[in-house]
Amino acid sequence: MNASSEGESFAGSVQIPGGTTVLVELTPDIHICGICKQQFNNLDAFVAHKQSGCQLTGTSAAAPSTVQFVSEETVPATQTQTTTRTITSETQTITVSAPEFVFEHGYQTYLPTESNENQTATVISLPAKSRTKKPTTPPAQKRLNCCYPGCQFKTAYGMKDMERHLKIHTGDKPHKCEVCGKCFSRKDKLKTHMRCHTGVKPYKCKTCDYAAADSSSLNKHLRIHSDERPFKCQICPYASRNSSQLTVHLRSHTASELDDDVPKANCLSTESTDTPKAPVITLPSEAREQMATLGERTFNCCYPGCHFKTVHGMKDLDRHLRIHTGDKPHKCEFCDKCFSRKDNLTMHMRCHTSVKPHKCHLCDYAAVDSSSLKKHLRIHSDERPYKCQLCPYASRNSSQLTVHLRSHTGDTPFQCWLCSAKFKISSDLKRHMIVHSGEKPFKCEFCDVRCTMKANLKSHIRIKHTFKCLHCAFQGRDRADLLEHSRLHQADHPEKCPECSYSCSSAAALRVHSRVHCKDRPFKCDFCSFDTKRPSSLAKHVDKVHRDEAKTENRAPLGKEGLREGSSQHVAKIVTQRAFRCETCGASFVRDDSLRCHKKQHSDQSENKNSDLVTFPPESGASGQLSTLVSVGQLEAPLEPSQDL
């Protein structure tokens, strides 16, 4: 047995007699020849032994105490032809017929045999007592190592798995998608990708309606319900649900924090505990140095005045730079609109497809994106989180608050480049630019009139197409014109004005209307020669022109002073002498039309209108008040004129 230093390692190709080249990459450990069972502590000596040509000699009967323990699971079941088992009190001998293996600590690398003849391998194990002291020692497994420098990939699933891994380095992608043309190095990746086109999501969550195309996405989703955060930072209490979030978080720590605070011991300890511990990522020394370098790397925008910073790599910075360069590589297939980011294009495509997946549970509103739905929900909750610090104003979104703050600062950032007009919001500027362009985009749906602004179109429709007579082709300018014209088609108005086409249902209303045609202007001003037909016009004149003079002479406001002849109060006093009382409830009125409106409330007495009116002759006393007992049906009540007229 040859012994040498244990600190060396080997990585390279080994030429075995017979023309077979085998890649070997092993860590320093005990190496056992699969033919003669000779042991080597040095890998170079073991390779030299294999190159010199191994023959089955007497060295195969080595001492049991120096032979590494190999369990029965070491030999694959498919390769075993005959197995004999002899159990003694000290040792256990297993004789198998199998290809040649190289056994090492926890690994086995398959080496092809030099001839087609089956070789008989005798494996001698340690005593049973010594094996019972280490029940946790895992059985040795057959593993293949990647030959590319720096790659630590190892597999125990044979050469096929190794070949799939090597496609990562070679870039070979033989599996192509028939729908989009995307290529994959593995067939199972293509199968998972095809679910994006077919929409098949076989992995469903038992807690909610979530469904995923692959099991890994479902496992990540389940951590949301369980609030499991297995990936923990060793520097601070931060914990995340997936490794990518932890990798981004580690960039926030500086190199000094990584060197001082990261513990040297491996977190995956072999000590047995009652409760299982959550896995913690422990970075190797090289990876920690790389992460420390990334932690100090902050990508800043190179444009003057821009303070954008990112720790998410160059891709995030490239997306930001498109704002300055104006590069919009993502173009819509239905319109000419372009976008700088692909996710913005995906959201824009919903405008053409009318897909609105985000629906309100309180009304029928549906939104294209979740942010629009959140803004809509604030209408139901009346939530106004954006508050002005200068006044009590509060808004539902930040854009409304930004526009409101311009009313305090007087800022008008949107200026017309053809004139000196300035505006607070961009929509006002767009409406203003239509004036310069002469464009009239708003067309009337009833005629050929076009307007530059929507407000002008609404005014046109209201004037020209709203106040239209239903019986003829008359078109009024406003509601008053239409009401005046509609009286021509009303045959149930017996009272008609002899001067115009006005008609009404009562004589009192006709008397009020007759003042329009009367040349007499009984209401005269005491301070000037102004006269009018209406008392309200006189009151407005005095209040507007002679307010100071009325205060100087200590005159009471019109309506509270003494009754003078010809005034509106005097006329009301005369009309009061013809009082109209309701027979049903006893209510009294000055005008008969007021009584008629009141009688409509008594639907059971509305048939006989003539019997509803009772006229009482006046009997004025010394004070000018009426105190005559009148009989209304079977009810006797004193009639007192109202003093509020």
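Residue numbering: from 1, along the chain as shown.
Cβ atoms here come from the backbone N, Cα and C positions, even for glycine.
Database features (Swiss-Prot):
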| type | residues | note |
| --- | --- | --- |
| COMPBIAS | 543-554 | compositional bias 'Basic and acidic residues' |
| COMPBIAS | 600-610 | compositional bias 'Basic and acidic residues' |
| COMPBIAS | 622-631 | compositional bias 'Polar residues' |
| REGION | 543-567 | region 'Disordered' |
| REGION | 600-645 | region 'Disordered' |
| ZN_FING | 175-197 | zinc finger |
| ZN_FING | 203-225 | zinc finger |
| ZN_FING | 231-253 | zinc finger |
| ZN_FING | 330-352 | zinc finger |
| ZN_FING | 358-380 | zinc finger |
| ZN_FING | 386-408 | zinc finger |
| ZN_FING | 414-436 | zinc finger |
| ZN_FING | 442-465 | zinc finger |
| ZN_FING | 467-489 | zinc finger |
| ZN_FING | 495-517 | zinc finger |
| ZN_FING | 523-546 | zinc finger |
| ZN_FING | 580-602 | zinc finger |
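Sorting each residue of the zinc finger (580-602) by its DSSP state yields 8 helix, 4 strand, 11 coil. Same-chain neighbours of the zinc finger (358-380): 347, 350-351, 396-397, counting only residues six or more beyond its ends whose CB sits under 8 Å from a CB of the stretch. Counted with DSSP, the zinc finger (414-436) comes out as 11 helix, 4 strand, 8 coil. Within its own chain, the zinc finger (386-408) is flanked in space by residues 375, 378-379, 424-425, which lie at least six positions past its ends and keep a Cβ under 8 Å from the stretch.
Sequence-remote contacts of a segment are chain residues at least 6 beyond its ends whose Cβ falls under 8 Å from one of its Cβ atoms, and for the zinc finger (442-465) they are 431, 434-435, 475, 477-478.
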